[in-house]
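Reading through the structure tokens given below for one structure.
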């Protein structure tokens, strides 16, 4: 102060003429320094210097820019100060003081707050103002400026000028309702105080914000102000519970139509009222209303503590006050904005408009009170800061600005997960906030952004987040239950009510769309379903999967309709599928304990089709589920494996039930197998789906997933017989057999699919390790390694071919060495050192004293394609493709009548078929080369197959080979059984030393009863295939001595002993073969009489398989039919159906045995001696009498099933019984007399009944016309046969009936059956005398034959003619 006065004194006494001197310049610099103009500290205010100093010095010091303007203003100011009259308030009126206070408060800023504090104090003292009224004015001014940046200035003024206790009471007074002045005292100040009555109206938001600001700046404390907002928390908890229950009831009624109501409108269509709107009877307390204000001023710490306290009381504050969610959303958006701006491109960052500034309150990093929500700007810290507020905000559902805020958080979380995919905070905010809020936004584009974040998580963590999000129950059932989100129990709700409401509405929408889904509108409905899935994909997945569980025909439509789903929705679909497949509380099997239940089967089919169409969806969870189920010993997941292999891998696991062309096709190459697969329905899988499945199967830590499935499944199969398989519906041989068959089927498919991987040998443990380390049997180990051995053999063949070409000079210079060494797989050749060592582990050492590792390794390394080439099937498929090519070429020639798209498709099909035809030819030639190579190997190495045996007797090598090789493999699959039979036949034909074929067949027949008794259904099919081959061969040798001498009698294996050259005679063989037939018959009858389900079923399967070759004699056939007929009344429907099916098949065999079951068939015996009569008259009566006698005698003989009789299956109805019988079974059987009533071929002649007198000639004419049309028809004999079936019964009767008359004679007659020529085998074309058949005419409407018969009798002439096949040829030509 002294310096200022001294300066003034100097400045006020300037000397005249000093303006230009050096002293004057120094004075000007000093003055400028006092004003702090040269970046120095200001000593004197500029206003003071300009008021007191002369103008010349102000100009010299350059304190002002325009001195002249300043002089004019100064003159005016001095004039007003000196000459203007002033009014003085001598009475010091308070109104003037309050006016000055208001003016002062309205202009309060951060720069004048200090002077304003002094001025306020002066005004209070000078005008003797009431400090409480001045404080009220200050609070009102703060209320007005509560959203400006001057709030800290008001807080400082109030803090310095007034007592904090006065602030508390004054705010309490403002919060109190006007009707109760006494309530201005806080609760607890007097003993007579009571809670405030309900407020009719809530306080203004500005007042609540002012209270929040005072709490934040420390002007008041929560404990101090709480007394003015206190309420009965118990009553508030009851009120909260009531409102929550009302809202829950309202949600449960969504979509429910009340038929009793006057206006039966679904609840979902009625306007919904606000669930949290306060009512006059129960207003929201101030303690809850102030919570949004706390958030608006970023007083988050206090807010969080109050929320925790309310949760303990069970008060859902977020539900009662929806503004809390909006305030939290706004607060979080302000906190994450700086971090989001640093991660986003500059053009996308948001900035306030020109002239505006963002509010200071609530911004991150500006508040030092310790109550604000802050972040240091890094993504990790930001996510960690907003986890808890976002969790609370999600309880209230989405509000305005939620979508923008979520997009920012997702972007920040994505950055965090890129650095650490297992970050706990990012995972928590996704499960508790992002997923619930996003699912409540209808069809939000945020799902794509959210998936970019979720895709960074490993699928186990991602599925855990889905579990937390959707909980154990959904929709209406999710309204009750314990909480899973860590929010405390809110009156029995496990989910926020807004989320439950969104789930219910989404479920209603999805179900409505599903009901309209059909094959005709699937394209149009796909977009609607995709939009519905965008709302809540979890509910959408549940509805769709539920529909697929109930309605199997919807599965293809649903899978096709999912094409518009987002990647996030598809991932949720896969998650829901995994969860439904687990289904711990649902029974996955039907009541029989064998077959999958309906819902499980639907999910299995959906799994295959879904992942085939959308292979980019995460497949590892499904594979892990399968491995887990197998590890726990459950086989319910095997159906899923089958569908995945079929749909994605293109491997159709046939389950051991294939036959005919399909099994023949499996003996060919890949092209033939594809063409004959699934009865013409080719399983085509996309290359992307196949690669995805192969990649998933080959993945895994340690052991590959596919390898783990193979090992675990084999373990289940080995232990199936030792589990608790005899309790309840899961017990018995039926269950154990089904488990073994299912596991074997799946393992076969897995090996076939995984062997497509070039690195398959690296995925498997070695054979030695599989046996020792994993406890697998050598059969399973060799089955798994067979594809590797096959690939090694193919590489060796390619290498040998290249060497031969190089020697011939053809392959030189064709292939350049690129420096990459191709893997040869030499260590996996059948006879390599590594494999030979593995063989030593598979069998005991004493076994190799009988058989050598050479034959063991070759047998287990080859397959049916190495021994057999289905040439007929190759030619048949080639002809079929040629016909298709001809049709397409004809179709393309009519190009003007077809659309361009159809023409393009036809051209593509034509090119594809031509390629297929070429591939079939090349494949057949390759197969034949392979077969010749195998035969050459056996021929070269057969001397070393067996050793160390007694050369004087058979039995050692055969038994060892059968027990270690043949029988184990024939039980693996029908294909392996076929291979075993072919291998045995090949060893016999190649005359392998020290191997007795006759002994081997004898051991097989002895072992057949035991094998059949313990066989499962799949194994029984294999046994049937094997026995069909064996019985067909052995029974043919028994019937045909010439063929026996050619194929068996002269072979080494049929000698009496190894060292003896004595051959087994045909008579001796017939005796042995008859004994074999008895063993087979006894085993079959024993199986049919057994009460065990599996024994009966296995026996029927085997009998059906060998029906073409056995039984081949009347006595055995009658016994078998009698045993099967006992099953016609079987309670188990499947056994009854199988028995009827077998009777239908075996009914045709009766014709070949010389018997017939029809009344008309036996009539031939009574009239065989008669001559031909007219078509009417006495001959007809005699025929009727003979029919009667024949009907009586037929009651005790073999009868075909009723359906066969109706279709004309009996000999009499189809033109007379076939005469004769098979050749003697042994040399001792010199003659044979058929039992009484059995119709033979004979000298009688079939006649039409009198009432059909005019129709016989009509039938003959129809037959001639049919033949003529058949010769002209390009479709072949199939169409001819179809027309004959409908028009002429006589021809059909002679074709399928007993072959009486002309059809009854021996010979090589060929007839059309399915477009192929059929030749009866030698020795079985036994016919009677030279009668003639007149076929009965059937009504054109397809009715029953009205008449027609033929008679025959066994005569010596018939026996003699049987030795002359030429008679058959002549009569067949005439027919």
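A Cβ is built for glycine as well, from the same backbone N, Cα and C atoms used for every other residue.
In TrEMBL, the annotation region 'Disordered' applies to 799-820, one of the ranges 799-820, 821-842, 843-864. Checking TrEMBL for region 'Disordered' across the ranges 126-161, 306-341, 342-377, 378-413 points to 342-377. Ranges compared are 220-240, 241-261, 262-282, and TrEMBL records region 'Disordered' for 262-282. The predicted model assigns the domain 'THO complex subunitTHOC2 N-terminal' (529-603) a mean pLDDT of 89.
Each residue of the domain 'THO complex subunitTHOC2 N-terminal' (529-603) gets a DSSP state, and the totals for helix, strand and coil are 56 helix, 2 strand, 17 coil.
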